[in-house]
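> Please see the structure below; I have some questions.
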Amino acid sequence: MMRPSSISLRRPARQILFSSVSTIRAAAPVPTTATHRSLSTSTSTGSGCPCANGSRRPQVKQTQELQQQQQQRQQRQHRNAYHSYDHPSSSAAFTPVEESILSAAYQHVPSHGFTPSALAAGARDAGYLDISPTILPEGAFALIRYHLVKQREELAPRVSELFGGEGHVGARPGLSEWEIRGRVEAVTWERLSANAQVIGRWQEALAIMAQPSYVPPSLKELALLSDEILFLAGDSSVDPSWYTKRASLSTIYAAAELFMTNDHSPEFMDTRAFLNRRLREVNEVGGVFRNLREWVGFTATAGVNVLRSKGVRI
Amino acid sequence: MLRPATRPALVATRQVRQCAARFFSSPVSPDTSSSHVHSPSTTPETNPAPPPPNSRSSTSSSKGKKPLTAEQRAFLSSALRVNQAGELAATLIYTGQTPPLVTRDPSLRPLMKHMYDQEAAHLRTFNDLIYRHRVRPTALYPLWSVMATGLGWGTAMLGKEAAMACTEAVETEIGGHYNAQIRKLLEMVSEWEAEGYEVGAEFRHLINTLRRIRDEELEHLDHAVEHDAQKAEPHWLLTGVIRAGCRGAIWVSERV
């Protein structure tokens with residue numbers, strides 16, 4: 001039903017596409033039909049062959065450019081690099097084609113989960129072939145990463161709304177520590193609430209993220225998220241607590257996310273209480289360390305000053 | 001007020017100053033003009049000849065601002081990180097030096113306070129820049145704190161001359177280091193201008209801040225030389241060791 005001759009691919013694009021799907025070329029109709037059939041049984045609105053679907057031509061032509069863009073993107077994602085306001089680097093984490101497939105597939109997550117079939121359905125919705133998600137080397141994990149990246153990027157406008165339209169960058173210098181704690185809690189909760197729409201599928205996603213090859217990118221996203229939360233909350237510490245705050249917030253966030261997948265309370269009240277308890281604990285432990293350091297510092301200075309007053313030349 | 005320039009430190013100061021003067025006077029450094037890449041499509045009439053320096057803001061409004069590349073961001077991150085670590089160390093060196101020095105020679109109190117206040121202001125500047133531009137601070141913060149306090153206190157215990165030799169060595173390294181950063185930033189800016197892009201106020205401000213701080217650091221170098229830094233025994237060993245240590249610390253801070 002879907003002959004390769006009906007697809008007018010330009011030659012380089014075809015080579016790349018087929019080399020990435022390796023053996024498909026020899027037996028092109030078979031796997032395509034198989035994927036398609038399984039999809040049309042699972043979606044009630046399956047409309048048959050994708051070539052009949054509004055007669056949209058497959059747009060797989062810019063595959064070469066895509067690969068270049070992917071490389072550039074990997075270079076671009078430099079952690080905690082200088083963030084310029086006047087000369088912002090483009091922050092697009094996905095290429096336009098990936099973006100269109102993933103955003104369409106994201107709509108299928110509540111029904112299909114973070115699975116290849118959601119990706120295939122999304123590709124079809126976006127007007128591509130069912131096999132076009134093969135341009136996403138990470139498969140279903142790409143969909144999870146899309147969720148993580150998008151929700152992180154949407155956090156800034158939502159937080160600015162939350163705090164009364166105030167720009168977040170150094171808008172109000174000299175927030176007290178107490179205020180910052182409250183803001184950290186509010187921003188973290190804002191991000192957790194964004195998981196609500198996919199919460200039924202989030203355990204699957206966490207399982208995929210825990211696969212060894214996906215652990216590093218997942219942890220990187222977690223680190224970027226905790227950095228974003230603390231920055232949006234207005235925490236301006238640039239000493240070693242920069243590290244401890246990010247580490248503890250990452251732990252708390254991951255735990256709260258896991259807790260939330262089993263939370264059936266209205267509006268996730270239990271999760272919010274859980275989050276508050278964890279944050280309070282960290283603040284208490286941090287307070288103990290701070291007091292200890294202060295005491296040691298005070299005692300040492302006092303000792304040195306006593307010796308100096310006795311005429312010891314130090 | 002300065003003595004005749006036969007002494008090596010003054011020659012060094014002078015060289016750093018001349019470097020600085022060169023970068024003040026010429027906005028386009030000679031070696032960048034060949035390396036930039038013209039984009040072929042837009043505004044062919046402005047591309048062949050880079051605009052003269054005095055008309056830069058008016059001609060370059062067409063193309064907007066160019067996004068930073070990954071290398072430029074990496075450079076700026078490591079530059080801000082190392083500057084913060086350096087100013088932290090400088091603040092702690094003066095904190096460690098002040099009590100022993102002032103006990104021996106109370107006339108040094110205003111000078112030490114003046115230098116400390118300037119370093120503390122620099123530290124605040126860089127803390128703010130690091131926060132605003134979301135750069136990771138150095139992971140070796142506690143190590144630099146301990147080492148800088150130890151260096152300041154140790155040299156002050158050796159005597160006023162050794163303490164001043166320490167200041168001389170540190171500020172010489174720092175002056176050269178700031179100059180290298182300013183040079184790199186000016187290269188970036190002139191490259192943008194040659195390609196017809198706008199340069200944001202953020203960068204002009206950053207360059208001006210670095211220049212101001214560089215000049216204040218070199219002023220400390222002058223103070224140190226005026227206060228018998230050269231009479232330290234053995235001067236070559238003290239300054240050599242401290243300068244090597246500074247270079248090592250800068251190298252590490254740029255990475256970690």
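Glycine is treated like the rest: Cβ placed from N, Cα and C.
TrEMBL lists these features:
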- B:Glu87, B:Glu119, B:His122, B:Glu217: Fe cation 1 binding site (BINDING)
- B:Glu119, B:Glu171, B:Glu217, B:His220: Fe cation 2 binding site (BINDING)
- B:25-46: compositional bias 'Low complexity' (COMPBIAS)
- B:23-69: region 'Disordered' (REGION)
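Could you tell me the structural context for the features on the list?
DSSP assigns B:Glu119 (Fe cation 1 binding site) to a helical segment in the three-state reduction. Neighbour count (other Cβ atoms within 10 Å of the Cβ, all protein chains): 24 for B:Glu119 (Fe cation 1 binding site).
Residue density at B:Glu217 (Fe cation 1 binding site): 26 other Cβ atoms are found within 10 A of its Cβ, drawing on all protein chains shown.
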> How many Å lie between the Cα of B:Glu171 (Fe cation 2 binding site) and the Cα of B:Glu119 (Fe cation 1 binding site)?
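So the Cα of B:Glu119 (Fe cation 1 binding site) lies 11 Å away from that of B:Glu171 (Fe cation 2 binding site).
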> Just to be sure I understand the packing, how many Cβ atoms besides its own are within 10 Å of the Cβ of B:Glu87 (Fe cation 1 binding site)?
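By my count, 23.
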> Taking 8 Å from the centroid of the Cβ atoms of B:Glu119, B:Glu171, B:Glu217, B:His220 as the cut-off, which other residues in that chain fall inside it around the Fe cation 2 site?
B:Ala90, B:Met115, B:Gln118, B:Thr167, B:Val170, B:Ile174, B:Glu216, B:Leu218, B:Glu219, B:Leu221
> To the nearest whole angstrom, state the Cα distance for the pair B:Glu87 (Fe cation 1 binding site) and B:His220 (Fe cation 2 binding site).
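Each residue's Cα considered, B:Glu87 (Fe cation 1 binding site) and B:His220 (Fe cation 2 binding site) end up 13 Å apart.
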> What is the interatomic distance between the Cα atoms of B:His220 (Fe cation 2 binding site) and B:Glu119 (Fe cation 1 binding site), given in whole Å?
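B:Glu119 (Fe cation 1 binding site) has its Cα 10 Å from the Cα of B:His220 (Fe cation 2 binding site).
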> Is B:Glu87 (Fe cation 1 binding site) helix, strand or coil when read with DSSP?
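Where B:Glu87 (Fe cation 1 binding site) sits, the three-state DSSP reduction gives helix.
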